[in-house]
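What follows is a single structure, written as structure tokens, with notes after it.
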Amino acid sequence: MRMIQRERKREKEEGQLKERTVVNMADPDDNEAEATGLQQYSGETTRDDNEESMNDSFTLTSRNRGRSNTISSIVSGYEIMKEHMDKEKFMYLILASLLLYMGFVAAFAPRTSLSRDFRRFHSSRLTNAEVYRIYLNSLQQENRAKEHVYKYAGYMSNGASDSSTFKYTLDEFLDMGYKPKVEKYYPWIGEPVDTNVAPLENGKVVYEASMIEDRVKGDPASHARKRQKGFHQYSKNGSVTARYVFCNYGSISDYKLLLKKNIDIEDKIHIVRSGKILPGLKVKNAELYGASSVIIYTDPFDDGKVTEENGFLHYPYGPARNPSYIRRDSVNYFSDTPGDPTTPGYPSKDSDTEHMSPVGRVPRIPSVPMSARDVQPILERLNGRGFQIGPGSNIKDFGSFTGPSSSIDKVHLHNELTYNIKEMSSVEVSIPGIFTEGEIIIGAHRDSLASSSAGDANSGSAILLEIARGMSKLLKHGWKPLRPIKLISWDGERSGLLGSTDYAEAHAAILRRRALVYLNLDNAISGTNFHCKANPLLQDVIYEAAKLTEFNGHEDWSLFDHWKYTSNATISLLDGLSSYTSFQYHLGVPAAHFQFNANDTSGAVYHSNSVFDSPTWLEKFTNSDYKLHNTMAMFVGLTTLMLSENELARFNTHVYLKKIYNWYIAWHSNLSSAFPQDDEVNSLAKRVLDLLKVATQEDSIQFDQQNGILYKECREALPVWAFYKKIKSYIKLQRSNSKSKQIDQLFITHRGLKDREWMKYSLLAPSKFEGSVGEVLPGLHEGLADIDRNEVIQWLTILLSQFSNVRYLLQ
């Protein structure tokens, strides 16, 4: 209405201005005509009249010019005002049109979810289902695992710092279109020179052990021109001649029993069988109890039912263990402090990195491995001496007697390695994500202690390359993962987890901030039974991925079906045997380990760290068509994609805390028994139990339920005008993911475990006395084992604080 009134007022003023202009412009012309007519009429004028007339004319002209300038200014102002008014109207019109268009779009535009928006804004239009389908199809249509296994095995010398396997891995990544990054480290490591064992009778050599496997028919790996004798990485150089004693598995309990039975074990060569505990701890225990050196052999008795004693033929004619089998190993104490023993707690990043003395992290006595066949004549001479120890033995004519040997029966042992600083290289491929945090890391080592290594190193490396190939197909379809993904080929793992430990120590701050999960491939294919060790947080995503993975190409039989049929889909505890050690126990990054391994009752016996771990053995007794490799590549890749492609971290905190709660209940009863009259200990233990119970039965359930609701919100399609709801969901999403990533890190302690400061995870660690199994609540357990009241109180206080922080985090 006001605009109409202003318009009318403007038109009225405009009309008045025009009238004035017409009048003023007409007067000069009329006066001029009148003056001309008078002059013509009179016919003549006087000079005075002319002068007067000129003066009047000048005055009139000046007056008319002043009027003309004023009128021009008014007209100009009017035009400017008119132009301004037109622009204002135009802007109003534009604004109104824009609002109308936005309203139309808001009313009729397709609904979108927060999940889809993440991808649209980053030009990634593949849905989760399409991502899974493309990845699985790429691996189902082609399986290159056999090619990779043979390529790696063909180099026949894939130890630490091997250049051939490094170059092959690097070239494969480059051919797929990746830009791999090479990280070099410089650890202190040994190169085997010679090992020798010879039994002596009255000072004379009875025979010299071969210290190497037989050349067998049909297996090219055993006929390689360059073959390495059995050795122990990080064993002490030296030669020893002494009497010997059989010490069963070499555990602390075995040695306590030997001392209880008054067996003389001082300054003897201790012969122990492999199994039960890590080789390094066997040598460590032997050194502690006065051994001069150690021999470790593999007893077929520990192979279960598949033995020659039970009628099975040995390899290559049957599934039983070949009697000439020798297991090479590392004997550094990596269940205490993994990695380079001369750079504990920091990476050997440069060639001039300071290296400390390895004392306390490696043995100070020599040790060597032997075959069952070579050790048999030595053990046989112990019969009737000492007492019988252990569960039994399949060493021919040996009754498991401890000895020691007679004064005329001795063994000469020689061990020699050359120790130097060597360059090692890990190869890393990064796939950037839409999010900058929440990395999923997949790792596999390519080194081994024996040539070939088809089941151990080469299978894991082949599967890693197949996963990379499947993801390269996705990248060609314009895929960009929500979370970043890394694939890493480790070096030096079999020597003592060198590559992964150096990497974790070098990138500790970044990994704590960004890493979400570490997935490990080690000894990936050595049998047909699927086995999984994992942090309980990952249970749900592992089960879901297994259900969506076809087992060996069978559409109606999933990996989960096979897993449940063979072992009831059991997820075991992590131990201290592989590359996940640094991630889980040092940094608090949830980890999982996957493998197909042998069945003790019917499966072929696996020849670990031996020349018999060859493609021939693999194809003959385990995986002739390499479909297990294909199944594993699909499963691990699918697990990675499920973690990466979901906006919400796929962690189940209730399952996680329920496991911890059950663990603690077991230790709580032990605490009451160990300190029955100690009110302070029992009161503190009860407070921890009550706090953990509330966190498990209330906080974790509520947190998981809220995450379930949030998951649906992220997938809910909303109109454009409801963008504020997406903003609220996004804020909640960021907060939830941050909490999920922090939960495991809350159990990282600065002090670490007693005498194992590098192990900082208070919920789980490799067993201090076995190493090959995981130990729950290790600080509390070790304090209880030593009946150390101060240590128990310290760990109860730590757990009380940590569980309080968990409750606060989940609320």
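Even glycines carry a Cβ here, placed using N, Cα and C.
Copied over from Swiss-Prot:
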type	residues	note
BINDING	HIS445, ASP456, ASP522	Zn(2+) 2 binding site
BINDING	ASP456, HIS607	Zn(2+) 1 binding site
COMPBIAS	1-21	compositional bias 'Basic and acidic residues'
COMPBIAS	336-345	compositional bias 'Low complexity'
CARBOHYD	ASN55	N-linked glycosylation site
CARBOHYD	ASN237	N-linked glycosylation site
CARBOHYD	ASN568	N-linked glycosylation site
CARBOHYD	ASN599	N-linked glycosylation site
CARBOHYD	ASN670	N-linked glycosylation site
REGION	1-63	region 'Disordered'
REGION	334-367	region 'Disordered'
TRANSMEM	90-110	transmembrane segment
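Features recorded in Swiss-Prot, as mapped to the structure shown.
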residue	record	Cβ contacts under 8 Å, 6 or more apart
ASN237	N-linked glycosylation site	PRO366, ASN415, GLU416, LEU417
HIS445	Zn(2+) 2 binding site	ALA457, GLY460, SER461, SER489, TRP490, ASP491, GLY492, GLU493, ARG494, GLY499, SER500, ASP522, SER579
ASP456	Zn(2+) 2 binding site	SER448, ARG494, ASP522, ASN523, SER526, SER608, ASN609, ASP613
ASN568	N-linked glycosylation site	none
ASN599	N-linked glycosylation site	GLY527, THR528, ASN529, THR566
HIS607	Zn(2+) 1 binding site	TYR315, ARG321, ASN322, TYR325, ASP613, TRP617
ASN670	N-linked glycosylation site	LEU784
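Cβ atoms within 8 Å of the centroid of the Cβ atoms of HIS445, ASP456, ASP522 (the Zn(2+) 2 site) belong to the same-chain residues ALA444, SER448, SER453, ALA457, GLY460, GLU493, ARG494, LEU521, ASN523, ALA524, SER578, SER579, site residues excluded. The Cβ neighbour count for ASP522 (Zn(2+) 2 binding site), using a 10 Å radius and every protein chain shown, is 22. Long-range contacts of the region 'Disordered' (334-367) within the same chain, counting only residues at least 6 positions beyond its ends with a Cβ under 8 Å from a Cβ of the stretch, are 185-189, 232, 234-240, 278-281, 283-284, 286-287, 291-296, 413-415, 421, 423, 496-498, 501-503, 505-506, 576, 581-582, 755-756, 758-759, 766-768, 771. Note on the compositional bias 'Low complexity' (336-345): DSSP counts are 0 helix, 0 strand, 10 coil. In the three-state DSSP classification, HIS607 (Zn(2+) 1 binding site) falls within coil. For the region 'Disordered' (334-367), residue counts in helix, strand and coil come to 0 helix, 3 strand, 31 coil, using DSSP.
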